[in-house]
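Here's the structure, in structure tokens; my notes come after.
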Amino acid sequence: MGKHSATLCGLLVVVLCLASSLAQAQILFQGFNWESWKTQGGWYKFMQGKVEEIASTGATHVWLPPPSQSVSPEGYLPGQLYNLNSKYGSGADLKSLIQAFRGKNISCVADIVINHRCADKKDGRGVYCIFEGGTSDNRLDWGPDEICSDDTKYSNGRGHRDTGGGFDAAPDIDHLNPRVQRELSAWLNWLKTDLGFDGWRLDFAKGYSAAMAKIYVDNSKPAFVVGELYDRDRQLLANWVRGVGGPATAFDFPTKGVLQEAVQGDLGRMRGSDGKAPGMIGWMPEKTVTFIDNHDTGSTQRLWPFPSDKVMQGYAYILTHPGIPCIFYDHVFDWKLKQEITALATVRSRNGIHPGSTLDILKAEGDLYVAKIGGKVITKIGSRYNIGDNVIPSGFKIAAKGNNYCVWEKSGL
């Protein structure tokens, strides 16, 4: 091999290694809460002033609220999908915000609500089942043929039976309908090409089958996908991820459930009978998004909140462990935890912790959990101060600490 060829090969190896590292170093940031739509002047404009701070947390992706016109102000009862004038701001405001995040090398993830949809008009029978897409042509202008025939609240539907769970607040859309598949796929691609979105968060993904989600993912080719399957059964989540394929991941509700109970004096639960983590990260860490709270479980809804005095123990866990961690807006800005969260995220980045990093659980007892991640980081959570001799090897130094948590990293990095 010639000198120049060897040099080129060496450079190629370096570039490929860097690309692989960047692809693995992912932190998702949820950029809204349940009350964000109430912000005076619009949430999108308000968020322009937060881009720099969000970037400083180490976030690589930001999850934004549902983009379309909606009957509910929060965006989860969408109607005219192409109409981007919502309670969060205008389409122009949204596009400008996405560009601002892109300027900081942060990819934007759209909250995609396609299980159900609200109609604009009644038909001749007086039933709300006539949809308008928000354009001057007939794209997404649907009727009873596009509603599931077994919808319990809108039984006037003439489509196929639902492929997933029902949703009472709005008509369930027939995802087996070729027109629905074609036009929703076109809309998703429009969100990518016209707005600049790079990925999808699939709302209420239990409402339609993984096979249907796969169609939209395959047709729109997002770089990032995470499904919301509000369930503690990790087998259900694993089956969905495998069924969708490609870049699909799922929010790790099993880990949230176990962790928020374990930090209250039952940390022995953080090691399963197989010696691995008990949540989805114990099975498919590269396909898992871990989180502490979101706009449903926390915020003002508080449907399933993490213990408020132990939130930072939760972040010490997810930000140093396998999986893709998700940081919640409220904790950074409303709870004033930005400094502590950023310190943990920095440890993650500096040590190259990625979704598939190795996890060696050293201790999992009532008031103590200790684990080594990627061979470079050791994390302790729990109230016990004395963790025992020889647990922390020589050559490790404290990198981040707070109330009942501490993180060490190898010296000399």
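The backbone N, Cα and C atoms fix where each Cβ goes, and this holds for glycine too.
Among the features that Swiss-Prot reports, active site, nucleophile is placed at Asp203. Per Swiss-Prot, the feature active site, proton donor maps to Glu228; the stated evidence is similarity to another entry. Per Swiss-Prot, substrate binding site is recorded for 76-77, 201-206, Gln235, Lys276, 282-284, His295, Gln301, Lys380, 385-387, Trp408, and the stated evidence type is similarity to another entry. Under the heading Ca(2+) 1 binding site, Swiss-Prot lists Asn115, Asp162, Asp172, Gly207. Taken from Swiss-Prot, the feature Ca(2+) 2 binding site applies to Glu132, Thr135, Asp137, Asp141, supported by similarity to another entry. Residues or ranges marked as Ca(2+) 3 binding site in Swiss-Prot (evidence: similarity to another entry): Asp151, Phe167, Ala170, Asp172. Summarising the annotation, Swiss-Prot assigns signal peptide to 1-24 and lists sequence analysis as the type of evidence. Per Swiss-Prot, the feature site 'Transition state stabilizer' maps to Asp296; the stated evidence is similarity to another entry.
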Among Glu132, Asp137, Asp172, Asp203 [recorded positions], residue with fewest other Cβ within 10 Å: Asp137
Recorded positions near Phe167 (Ca(2+) 3 binding site) (Cα-Cα within 10 Å), from Leu202, Ala205, Glu228, Lys276, Lys380, Ile387: none
Nearest recorded site to Glu132 (Ca(2+) 2 binding site) by CA-CA distance, among recorded positions Asp151, Asp172, Leu202, Asp203, Gly207: Asp172
Additional residues around Ca(2+) 2, ordered along the sequence, whose Cβ is within 8 Å of the centroid of Glu132, Thr135, Asp137, Asp141: Tyr82, Gly133, Gly134, Ser136, Asn138, Arg139, Leu140
Where Gly207 (Ca(2+) 1 binding site) falls in three-state DSSP terms: helix
Asp137 (Ca(2+) 2 binding site) and Asp172 (Ca(2+) 1 binding site), Cα-Cα, nearest whole angstrom: 23
Binding-site residues listed as Asn115, Thr135, least Cβ neighbours within 10 Å: Thr135
Between Asn115 (Ca(2+) 1 binding site) and Met284 (substrate binding site), the C-alpha gap once rounded to whole angstrom: 25
Top Cα neighbour of Met284 (substrate binding site) in the set of recorded positions Thr135, Asp137, Glu228: Glu228
Residue, out of the recorded positions Glu228, Asp296, whose Cβ gathers the largest set of other Cβ atoms within 10 Å: Glu228
Thr135 (Ca(2+) 2 binding site) and Lys276 (substrate binding site), distance between Cα atoms, whole Å: 51
Using Cα positions only, nearest of the recorded positions to Glu228 (active site, proton donor) (Asp141, Asp151, Leu202, Asp296, Ile387): Leu202
Most Cβ neighbours inside 10 Å, all chains, among the binding-site residues Ala170, Ala205, Ile387: Ala205
Local backbone state of Asp172 (Ca(2+) 1 binding site), from DSSP in three classes: strand
